[in-house]
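Taken from TrEMBL, the feature active site applies to E329. Annotation source TrEMBL lists active site, proton donor at D412. Feature annotation from TrEMBL assigns Zn(2+) binding site to H328, H332, E408. According to TrEMBL, the feature domain 'CAAX prenyl protease 1 N-terminal' maps to 43-227. Annotation source TrEMBL lists domain 'Peptidase M48' at 230-464. If you look up TrEMBL, you'll see 20-41, 93-116, 122-146, 173-191, 197-218, 350-372, 378-403 marked as transmembrane segment.
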Amino acid sequence: MFAWARIKMETILNLPIENKIFYAVLVFSWTVYLWEAYLAYRQRRIYRLTMHVPQELGKIMDTDTFEKSRLYQLDKSNFSFWSGLYSETEGTLILLFGGIPFVWKVAGTVTARFGLGPEYEIFQSLSFLILATLFSAFTGLPWSIYNTFVIEEKHGFNQQTLGFFLKDAVKKFIVTQCILLPVTSLLLYIIKIGGDFFFIYAWLFTLGVSLVLVTIYADYIAPLFDKFTPLPEGELKEEIESMSKSISFPLTKVYVVEGSKRSSHSNAYFYGFFKNKRIVLFDTLLEDYSPLNKDGEPEIDTLTEDKSKLKNKKQGCNNPEVLAVLGHELGHWKLGHTVKNIVISQMNSFLCFFLFAVLIGQKELFMAFGFYNSQPTLIGLMIIFQFIFSPYNEVLSFCLTVLSRRFEFQADSFARGMGRASELCSALIKLNKDNLGFPVADWLFSMWHYSHPPLLERLRALGSTKQD
């Protein structure tokens, strides 16, 4: 037995370097998948076995909501397992059967039909991107349809029709191509002509693109998919403007986005640079604006039974709770979390481009994935950023998750300092109920995946676990 193992080890050690790289990539990919599957199994076990509301949650979650959230998260976890297994298997088969060089060859055939030979590498790269994204869109569509029209529909979140969904998917694909293709072509051109310091120019270019996209997204891209309307004049808008002014937040506009036409999930965010900040509120976040509260109004005799019970069934938050949520979001800005995240992201981007410059000349990397006679720049970017950097990306992702939880606690503390602790507690409880968040988590799954602290931890930090 030991002799057999020694022979196998010697065989592996004697493999060409490109084969070692290929098998190392596959082994690491499946190692990460199995780790993720193990974590998901631990959390799924929590969903299955936690059948009753824990005693410490009794005052903030009723039995019916607890059971709904348990079943919802269990369905999502099961779906994630099968979709993840399919994705990992698909990726492995693509690598084993030379899918990447095959698509590259097909892309060359397409460009050749237009009289463009191999010397027109950028055009072949764009053709490759279109083919690859088309393949990804078609293979991912059945999973997306199932998630939307089976799981989300079953648990009352989906608001889309199939026609709206398909039209939206086509629109997203077109918009993505309109951004992806010119940006990629310019990036490849910069790398080609940039000389020894091309990585600096490539980094600066991607930095500029990121800043432009963040600036124009909510004004020009997001309205292609959702309707944005200014928040009407009234008490809520006045309170938001007053709160922004009290911390010197340079607010220029407040929008309400019609998120309810897609889903009943809720959200809020701000965007913009320097003195041009805007706040966006989902209509499902606002108790007084959510169309979901206007559907299925109760019968008149129901109103006499229990008005307080009826009130708690409303979607979204009241005005003081919305202000508390915004206090949390503005805390991210005031405490510099947005800037810190941008700095970390750009430091990582610069490091990756620098390492890419070091590795791009290693022909063994290309040979490992079936490119023996050419070394296309786009393929080099894919191999190095997606496969070679994958161990580093896993470590970085975990570190950013830990940092994100720290930032969330700090933003909660900022809102508490504004005197909105009670309202934020109430808002967190309502949002957890509206989104069917399950409040019990496996410690290892939570540590690895949760960018936001679990509900109970946030309530304890705010100094209250009682619902208003």
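The backbone N, Cα and C atoms fix where each Cβ goes, glycine too.
Note that the structure is predicted; figures quoted are calculated from it, not measured.
What TrEMBL annotates, mapped onto the structure for a quick look.
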{"residue": "H328", "record": "Zn(2+) binding site", "Cβ contacts under 8 Å, 6 or more apart": "A411, D412, F414, A415, L424"}
{"residue": "E329", "record": "active site", "Cβ contacts under 8 Å, 6 or more apart": "A268, Y269, F270, I279, A411"}
{"residue": "H332", "record": "Zn(2+) binding site", "Cβ contacts under 8 Å, 6 or more apart": "T338, F407, A411"}
{"residue": "E408", "record": "Zn(2+) binding site", "Cβ contacts under 8 Å, 6 or more apart": "S451, H452, P453, R458"}
Averaged pLDDT score, the domain 'CAAX prenyl protease 1 N-terminal' (43-227):
92
Starting from the Cβ centroid of H328, H332, E408, the recorded Zn(2+) site, name every other residue in that chain with its Cβ within 8 Å, sequence order please.
E329, G331, H337, F407, Q410, A411, D412, F414, A415
Top Cβ-contact partner of the transmembrane segment (122-146) among 93-116, 173-191, 350-372, 378-403 (pairs under 8 Å):
93-116
If we skip the immediate neighbours and take only residues 6+ beyond the ends of the transmembrane segment (378-403), which ones have a Cβ under 8 Å from one of its Cβ atoms?
21, 25, 28-29, 32, 100, 104, 121, 125, 128-129, 184, 188, 344, 348, 352, 355-356, 359-360, 365-366, 368-369, 371, 448-451
Near D412 (active site, proton donor), how many other Cβ atoms are within 10 Å of its Cβ?
25
Of 20-41, 93-116, 197-218, whichever stretch has the most CB pairs under 8 A to the transmembrane segment (173-191):
197-218
Counting only residues 6 or more past its boundaries, what in the same chain has a CB within less than 8 Å of a CB in the transmembrane segment (93-116)?
22, 25-26, 123-125, 127-128, 131-132, 135, 369-371, 376, 379, 382
